[in-house]
Amino acid sequence: MTLFTIRSAKVVVTLLRFTQKKSSIVATVAQQRWVSTPTVAGVCQNESKYGYDLIVIGGGSGGLACAKEAVVNGAKVACLDFVKPTPHGSKWGLGGTCVNVGCVPKKLMHQASLLGEALYDAQAYGWEIPDAENIKPDWGKLVQSVQNHIKSINWVTRVDLRDKKIEYLNGLGSFRDSHTILVKMKNDTERTVSARNIVIAVGGRPRYPDIPGAELGITSDDLFSLDKPPGRTLIVGAGYIGLECAGFLRGLGYDATVMVRSIILRGFDQQMANMVADSMVEHGVKFIHKTIPKSVEKTLHNTYLVKYINIETEEEGCDEYDTVMWAIGRKGLVEDLNLTSIGIELKNDKILVNDAEQTNVSNVYAVGDITYGRPELTPVAIHAGRLLARRLFGNSTQLMDYCNVATTVFSPLEYACVGMSEEDAAQEYGEDNIEVFHGFYKPTEFFIPQKSVRYCYVKAVAERSGDQRVLGLHYLGPVAGEVIQGFAAAVKCGLTMKILMNTVGIHPTTAEEFTRLNITKRSGADPTPASCCS
């Protein structure tokens, strides 16, 4: 005779009234099964002393991806997110840096600048554009359009969390112990939540220099919502954020100057980095090399006087700008987490993790820009977050592979790469053991408007022996990200120069230039093409 049945996604147990002994045996088996399946949210009532299976601190790309994947695999999840306003008062909604003040608005403003350039190209193709020389962008309208799109993403993200039954807490979280988080809510109340596992995905924010008047400058956290045209702008810092912002500002018609302390695009292939800078100069961006700011002062006519010094010659100078923007790097947001209370190990304001994204505290993990030594890229954080959730709740063992991650710098002439730089390959394998194939090319669409092709260039870094495994691919030209993405998959699959040279290209495209590579730097031959079709 059936007494009652317990059902869940993982197990169905029916207790039968045969004997008391048999019922006890079945109940014992059932209890053991509960303990062995902690991945099912809301099921393990007897063993659950925590409110959640997972708490994610940070509502950016990596944290949200981890939270949503955890729910798919049966976990009960809470996600905390809170944005401290910038010194200029800028703040934003759910979604993190990429959505609000990073990839998304950056790409939209980059596109706006390309459209301005396209207006002039169109005339060469026969389009009649009256008074084209006087066509100017409306900064206010551009900012409003960008912000409207961002807010739509914020809303969709919030609804998605609700639909997936992820509890969203709009508050600032800090550790009380390794399983417990104190949340200071946006409405000034406090709440304590606990979980078996905790993932830190708080990301980072821009650094400010330690100089008088630094607070007068803005950062990329402010630029995309700036309530007035930036005018003549100084961007301090020559990483990808600084170059991208300088590029689209110049493309929108504003005077843009980049102040460079040491090198362009640190961490990237330096031949390519310098070509990016040279192409930006050709587009009208100015550079001040080997220079750092000393102070910023507001003038009587609401401009900013920047005093600076050359670090090699010690020559001092000054100039006035309408806007000063800091792009000197980013810091991890660790100060509010109270990590010292649980002994989390840090390095340079980033969290140290192992190959499984696990910190030195066994149930605490970290993904994204807050982790030390990882690529600070949105797709990296997303993929790492998903894989972590699958390992925690889906019985997966797959680890994140941080090798050969492709990326793009959205400069006026875009630069994309995957794999090793020429310098890193030479250092790891030895200069005599690598071969560098390279070539300039001429995009077909550049011919009629007579656009400069001086810096359109591709390079493949490969092993010198055997089939010449490709170690790195580099591309400078239009739609660089679209070009390199497919090649990134090929590099992950072990692409060789033999395969590349035997691949038939699609003509006429710029992507096919990789299949046409046959000249090596070692040969000394001219890499400039004589014709586009032979």
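Backbone N, Cα and C atoms are what each Cβ position is placed from, and that goes for glycine too.
Record features, source TrEMBL:
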ACT_SITE  HIS507  active site, proton acceptor
BINDING   LYS107, GLY173, ASP369  FAD binding site
BINDING   GLY237, ALA238, GLY239, TYR240, ILE241, GLY242, LEU243, GLU244, GLY329  NAD(+) binding site
DISULFID  CYS98-CYS103  disulfide bond
DOMAIN    52-385  domain 'FAD/NAD(P)-binding'
DOMAIN    405-516  domain 'Pyridine nucleotide-disulphide oxidoreductase dimerisation'
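Of all the recorded positions listed (CYS103, LYS107, GLY173, GLY237, GLY329), GLY173 sits in the most crowded Cβ setting, with the most other Cβ atoms within 10 Å. Candidate recorded positions: CYS103, GLY237, GLY239, GLY329, ASP369. Nearest to HIS507 (active site, proton acceptor) by Cα distance: CYS103. Looking only at other Cβ atoms within 10 Å, the busiest spot among the recorded positions CYS98, ILE241, LEU243 turns out to be LEU243. The Cβ neighbour count for the residue listed as 'active site, proton acceptor', using a 10 Å radius and every protein chain shown, is 11. Across the domain 'Pyridine nucleotide-disulphide oxidoreductase dimerisation' (405-516), the DSSP tally of helix, strand and coil residues reads 36 helix, 31 strand, 45 coil. Compute the center of the Cβ atoms of GLY237, ALA238, GLY239, TYR240, ILE241, GLY242, LEU243, GLU244, GLY329, which mark the site for NAD(+); besides them, the chain residues with Cβ within 8 Å of that center are ILE235, CYS245, LEU265, ALA327.
Averaged across the domain 'FAD/NAD(P)-binding' (52-385), the predicted model reaches a pLDDT of 97. Residue pair ASP369 (FAD binding site) / ILE241 (NAD(+) binding site) shows a Cα separation of 15 Å. Taking every pair among GLY237, ALA238, GLY239, TYR240, ILE241, GLY242, LEU243, GLU244, GLY329, the residues recorded as binding NAD(+), the greatest CA to CA distance is 14 Å.
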